[in-house]
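Per Swiss-Prot, disulfide bond is recorded for Cys199-Cys276, Cys230-Cys235. The N-linked glycosylation site annotation in Swiss-Prot covers Asn168, Asn295, Asn331. Marked as signal peptide by Swiss-Prot: 1-25. The topological domain 'Lumenal' feature in Swiss-Prot is assigned to 26-529. Among the features that Swiss-Prot reports, topological domain 'Cytoplasmic' is placed at 553-582. According to Swiss-Prot, the transmembrane segment annotation covers 530-552, on the basis of similarity to another entry.
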Amino acid sequence: MAAAMPLGLPLRLLVLLLVGRGCCGCAEGPRDSLREELVITPLPSGDVAATFQFRTRWDSDLQREGVSHYRLFPKALGQLISKYSLRELHLSFTQGFWRTRYWGPPFLQAPSGAELWVWFQDTVTDVDKSWRELSNVLSGIFCASLNFIDATNTVTPTASFKPLGLANDTDDYFLRYAVLPREVVCTENLTPWKKLLPCSSKAGLSVLLKADRLFHTSYHSQAVHIRPICRNAHCTSISWELRQTLSVVFDAFITGQGKKDWSLFRMFSRTLTEACPLASQSLVYVDITGYSQDNETLEVSPPPTSTYQDVILGTRKTYAVYDLFDTAMINNSRNLNIQLKWKRPPDNEALPVPFLHAQRYVSGYGLQKGELSTLLYNSHPYRAFPVLLLDVVPWYLRLYVHTLTITSKGKENKPSYIHYQPAQDRQQPHLLEMLIQLPANSVTKVSIQFERALLKWTEYTPDPNHGFYVSPSVLSALVPSVVAAKPVDWEGSPLFNTLFPVSDGSSYFVRLYTEPLLVNLPTPDFSMPYNVICLTCTVVAVCYGSFYNLLTRTFHIEEPKSGGLAKRLANLIRRARGVPPL
């Protein structure tokens, strides 16, 4: 009996460890998940838009739990949430401009350059300090110039940027928003963005993210969105959602050699070989709305796994769905090259005009005064709807608020809500928010005059004659929908439904950005200091050299020397002739 105890005790401990480990795994369940998708949309202008989204969900409360182990969720971003008490973070890098008039409403539009807006927890005491430190950290993570975000380009909107996730308190004191319109997006920003993906660029949809192809496009935008969401239907606990999105627009006539045909290999120079093994869903959607293979106008190959219909941005869409986890889709040819071919040239139809689009420009002459004008287009034939307009103007453009005019159809249009925060020289920019009602089938013009300020010579950029950028206007609106949509469960629906929030069946939310402006300021002639230095140095050198010679040299009178034998003989002959001597 005494000899059996040492053998039985380890056996019991082993059983307890195995049972405890199994029970812990059963109770905890999967704590994180990954879904990836690609939406390919032929645009009305003939271009092709491709939108990637990689959604990582982590069933963990980073604010309360001491998290030390990370599996799919990036550790760098998880530590940011914990250290700076973040509620939401939205960061985008964009090259180019989304042309709403020709490409239609965007899936996820972002302004040109870099945009960052963050909601902090209400436990943060010094929001400005956390904002500065966060922008510097993000600058290092994404190899960007976000460290140039300071008080001169940071604002706190009151109504334009509400939390997209769970929010018990919406006090705008904890919100910060900034745009760097002159930020240049390059491969150095894409590489760290891809490293945040669980499969990096080794498998799944991320193998298509080839830098030389993505930046050879008409439009390129990559973003990171972090927000808290409900873990279950009763919202008893919180999960964190990371959405990494990337949108590009290919010129079909360039990639297709003058034709509207396209394929994955032609656009990305690569094909799909396998799904990401860490993902629970990997789908490719091809927009075939308005086209049918029955009428023999186009051919989509290979045949899709299934088709899906839904109301997206107020329009009923039909998608061909390709599931990368379908063994028959990949194993037959070891690669998936989705392609669309037109059997006959498509009809040249008029481009559909979106219900809401905007345009912004600067007018005036000279370098003293000017005018900022924004045109808001409501193309709906019989529906009027309100638009929330946000303008952030640098401090060196001094706005004349009394010159603000809003006209629609030749009549004055008074905003129902207006918030203005004046600028302070070298401290904060102008902030102007207005809620404007756009009449049906109308063009509303918002204009305000400004005066250019004189900068210090140390405040000019390295290329001041190029001009100074003004961040674009932001439009937020509930646009009337053509087709009634029913709210769906975003967990049970396809992944891209989370990109397009539906408030009710009659309208949908959209956020648009206008073009960034380039304004010239009074610029001194920076070559004059060079000319003055050269002239001054020359004069000083000449004067100094002359005075130096006078002060350091000694002068002696040299006695004339008598001539030689020949000269004396010549003088004798001249005297004999009565001629003066030499």
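Just so it is clear, glycine is given a Cβ too, placed from its N, Cα and C backbone atoms.
Feature annotations (Swiss-Prot) mapped to structure.
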residue	record	CB count, 10 Å
Cys199	disulfide bond	22
Cys230	disulfide bond	14
Cys235	disulfide bond	10
Cys276	disulfide bond	24
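The two recorded residues Cys235 (disulfide bond) and Cys199 (disulfide bond) have their Cα atoms spaced 30 Å from each other. Residues in the topological domain 'Cytoplasmic' (553-582) partition by DSSP class (helix H, G, I; strand E, B; coil) as 13 helix, 0 strand, 17 coil. Cys230 (disulfide bond) is 25 Å away from Cys276 (disulfide bond) when you measure Cα to Cα.
In this structure the C-alpha atoms belonging to Cys230 (disulfide bond) and Cys199 (disulfide bond) are separated by 26 Å. The average pLDDT computed over the topological domain 'Cytoplasmic' (553-582) stands at 78.
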